[in-house]
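*Asks:* This is the structure, below, for whatever I ask next.
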Ligand SMILES: *Cc1c(COP(=O)(O)O)cnc(C)c1O
């Protein structure tokens with residue numbers, strides 16, 4: 001096929017920062033080793049861009065949510081290092097796990113029975129200690145179908161790790177209470193924010209996601225974590241407005257004077273939602289305010305303070321996640337996972 005012309009938007013992934021973040025989280029995990037949540041295409045940043053970097057940094061435990069996320073990760077790491085958080089819902093899922101050698105996380109008594117009836121084998125076990133999403137209840141650990149499992153990692157998941165909440169200590173206590181009642185090799189509780197709660201929460205393995213990709217769940221991470229993802233796009237047209245001209249859908253911006261503007265090749269279809277209205281792009285140190293509403297494929301910016309910027313030049317959306325979350329009222333998780341498929345990564 002004819003080669004594609006160069007793109008006009010890209011997601012710059014700072015692989016050094018990603019490797020740094022994994023190492024920092026691994027160090028912050030103390031005696032525990034850090035794994036990596038790589039579900040949702042590495043939180044939107046791209047499995048192919050991120051998983052080899054995490055692997056080369058030393059990560060050996062990778063978590064996805066869905067079975068259909070396995071093949072992409074499997075191209076980079078061995079099957080035995082991949083776990084599927086949603087577990088086997090059907091005989092087909094169990095057969096796929098067995099054929100690939102990927103480890104299922106068992107989340108219910110029904111899944112435990114399904115896994116055993118289809119042949120059993122190594123698995124992880126999720127115990128619900130209060131988030132009430134997935135996982136067997138603490139009462140169910142003594143069920144014969146659970147006792148029959150070959151559990152590699154006994155795990156639970158914190159609901160409020162990014163807050164100073166009593167819930168954390170309560171979940172920790174419940175988790176510790178079930179440990180003697182089910183045979184297992186290792187234990188795991190903390191997500192990114194959980195790592196910051198201290199050594200009691202680390203166990204053998206931590207499971208950061210957000211902080212790997214530049215998220216700062218609590219102040220404790222502020223200095224340790226570096227920004228990884230930078231959305232950048234080309235200016236595909238510059239225009240001169242006269243005083244009184246309006247910009248974009250519903251004409252929400254009116255030019256107070258004659259001014260020069262640029263049309264950036266990026267929009268809400270790329271995950272730059274309308275919540276960014278009133279924000280700005282950057283060209284080097286120069287701030288370029290967003291004018292009017294964000295469109296599906298375009299955003300118009302004010303070039304008044306950057307007369308040298310021309311069509312074809314690139315601009316960057318400031319995407320330091322804590323700041324961006326504050327500005328847009330989106331969560332840091334949403335800001336990452338919403339980034340669209342048109343970005344080259
Ligand atoms: C997504 C997920 C993680 C990672 O959580 P972060 O808050 O992104 O660090 C860890 N464990 C489980 C079970 C998850 O679903």
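If you go along the chain as it appears here, the first residue is 1 and each next one adds 1.
Every residue, even glycine, has its Cβ placed from backbone N, Cα and C.
OK, TrEMBL features for this one:
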BINDING   133, 296  substrate binding site
DOMAIN    228-345  domain 'Alanine racemase C-terminal'
MOD_RES   39  N6-(pyridoxal phosphate)lysine
*Asks:* In sequence order, which same-chain residues at least six apart have a C-beta under 8 angstroms from residue 296 (substrate binding site)?
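*Replies:* The list for residue 296 (substrate binding site) reads 267, 268, 269, given in order along the sequence.
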*Asks:* Which site among 39, 133 has the most other CB atoms no more than 10 Å from its CB, taking these as recorded positions?
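*Replies:* Of 39, 133, the one with the most crowded Cβ is 39.
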*Asks:* In which DSSP state, out of helix, strand and coil, do we find residue 39 (N6-(pyridoxal phosphate)lysine)?
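*Replies:* DSSP call for residue 39 (N6-(pyridoxal phosphate)lysine): helix.
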*Asks:* Fill in the CA-CA distance, residue 133 (substrate binding site) to the residue listed as 'N6-(pyridoxal phosphate)lysine', as an integer in Å.
*Replies:* 17
